[in-house]
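Straight from TrEMBL, the features:
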DOMAIN    A:67-136  domain 'Spo11/DNA topoisomerase VI subunit A N-terminal'
ACT_SITE  A:Tyr97  active site, O-(5'-phospho-DNA)-tyrosine intermediate
DOMAIN    A:189-358  domain 'Topoisomerase 6 subunit A/Spo11 TOPRIM'
BINDING   A:Glu194, A:Asp246  Mg(2+) binding site
2 protein chains.
Amino acid sequence: MARSKEIIEKLARMGEGVLEDVEAGKNPSLDITIRSLNNVYYDEKSGLIKLGDEKQKRYYFNLAQAKKFLQTILIAKQIKALLEQDKPALSIRQLFYTLKHEIPGTGENTFDVQEESDPIIEDMELMTDSLREELNLIATPNGVLAGPMIVEDKTGDVLDFTKMGSAGGAVPPIVEDDYFHIKEMSADYILVVEKYAVWNLLNQEKYWKKNNCLLLTGKGQPARAERRLLARFGEEYKIPIYVFTDMDPWGYYIYSVYKSGSINLAFFSEKAACPRAKYLGLSVKDVMDFDIPRSSWVKLNEEDFKRMEEIAAYPWFKKERWQRELADLKKFGYKIEQDALVSKSIEFTANNYLPTKISNNDYFD
Amino acid sequence: MARSKEIIEKLARMGEGVLEDVEAGKNPSLDITIRSLNNVYYDEKSGLIKLGDEKQKRYYFNLAQAKKFLQTILIAKQIKALLEQDKPALSIRQLFYTLKHEIPGTGENTFDVQEESDPIIEDMELMTDSLREELNLIATPNGVLAGPMIVEDKTGDVLDFTKMGSAGGAVPPIVEDDYFHIKEMSADYILVVEKYAVWNLLNQEKYWKKNNCLLLTGKGQPARAERRLLARFGEEYKIPIYVFTDMDPWGYYIYSVYKSGSINLAFFSEKAACPRAKYLGLSVKDVMDFDIPRSSWVKLNEEDFKRMEEIAAYPWFKKERWQRELADLKKFGYKIEQDALVSKSIEFTANNYLPTKISNNDYFD
């Protein structure tokens, strides 16, 4: 059964449940999974930041919940209709606009601000056990990628990511198999690069060709599409996956989002994290191993130290190797950006740093 | 003569000038164009925000200028060397790292922070009358585009922008002719869309195919590459160019950046603005003409009113039609996002709004 048909049925069942409540004279209710921090945990076994099972009921006859109940039904109904009619994907802001209107004769709006509809869309993802993208709702993607992969797009276009010029191929907003069908993929490994400027340098040097790998960047903190794409790669191809970021707490965190998910979108981790991903650097040991010039070290500031402490306390950074790295960084007192490697030479990242690290298995979890 | 060779010669002449000063026993100096607001003006004839000719001298023997003089020479030398060696393009942060080092025996760094090197790169653009991209320095591009255009990239790849799938083709960091050579372009017009979500909706509906146009988005405020690309389109193809933004002061300003340039990058306007671009909407008149539902109107807030006043005072918004529009908006009291048109119907933008506006010549300058 097509995925959208499954979701339509789930939404229909949800509506029927409400109807049964009404017919039985009960207060209509919906089961909503709680998305507060209390219901978020790190699952060591899977390596994922997950959402727990705690649920609460959203009632119709409850002064505090009636409007939200109505809004939930409106959104479920709209998503169902849009899926049934096979409409183009919308942004969550556009979905908000399709639903925002005055309830006739009341002077009351269905929705006033998008902050009302966004969390209900997250409720929907959980109620139908689907990704927002499967509900035909998208976020703006930012990433680009290059390397030995051929994809058949939903449009019918065939995209060869070895022939995407100096821009690379753009990551589309929906990377599910029926939109972004990977026909061929012969990379030996996948390299995720935090920053566009470094990705671009590697792309110009055809790093992906010389090393037969896929080269992806999310341009800093990745958007949903890049995370989901990496998760697909992790599941579908048993090749190594490396994440190359700055040596600072922000770089570490970006790595952990790709690998384990994020707290805010814990419900998204299972489908959009890649627990097999390894941290390729930079690490404090590299500074000496590769003789990174002192002039490219940047003093850690107060905010960095604060963020390091927060990160050290996250359960997904509790592994001994990470605790040591964080302690080393604290002692070292400087951060180093991946950009800084050009101070050795412009080709250093592509010709020395990355190949050495990879061939020495010099990465960690 | 190749562009990079021209620039190399200009940089060499600059160095020779300094040497001549030294040999003549004069205080070595460089002529630097002033980039302060006082030297920025709106040139009505060309429709561009321009930088004036005011220059100042930067001296070597001047306590306040010596370091900056040295830094200027270092950057000029490095750019020349990188161009001569045909090195890959760098970001301005990476260029900073290639130059940051301790001057032996002084305990003094050439550069401490990037805020020192960035303005000197702008000096270089002016001194060599070139774009940063021609100095092989790039900014991160954000845009995507689709439509009837075939490009030969510097890599040798041939890119067909009618076959770029649901992502569209990514705008590369350098869009100069030798990097991004347009081999075929048969669009009837170019449509620039402020927001990715709206661009994406139009792309899904194959608007560019049905209307034989090029569809570009810079994802909000455009980066350098998208501005420069639109400027090239404006110069090289005599087809109409429309910019479609939100009906609010921020949308108006984005339009004006594409069309006339920006104050901060006034020296960049001549090469990266597109004075032929027309404003396609939304306009206050459209609200009635197209019966945009009241529920999608969003009250203008204090910040909006403030920004509107600023915009009304800009010389490039002094045209009668714009003053009327700004007055109308103020009176109307609501802003409308381009996303909001989905409240009419999801297909409304593609099937009604845009074709009607274009066929009625319902746009303005």
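Glycine too: its Cβ is placed from the backbone N, Cα and C atoms.
Features per TrEMBL, on structure.
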residue: A:Tyr97; record: active site, O-(5'-phospho-DNA)-tyrosine intermediate; DSSP (3 states): helix
residue: A:Glu194; record: Mg(2+) binding site; DSSP (3 states): coil
residue: A:Asp246; record: Mg(2+) binding site; DSSP (3 states): coil
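Confidence across the domain 'Spo11/DNA topoisomerase VI subunit A N-terminal' (A:67-136), taken as the mean pLDDT and rounded to a whole number, stands at 95. Taking only the Cα positions, the spacing between A:Glu194 (Mg(2+) binding site) and A:Tyr97 (active site, O-(5'-phospho-DNA)-tyrosine intermediate) is 34 angstrom. In the domain 'Spo11/DNA topoisomerase VI subunit A N-terminal' (A:67-136), the DSSP tally of helix, strand and coil residues is 44 helix, 6 strand, 20 coil. The two recorded residues, A:Asp246 (Mg(2+) binding site) and A:Tyr97 (active site, O-(5'-phospho-DNA)-tyrosine intermediate), show a Cα separation of 39 Å.
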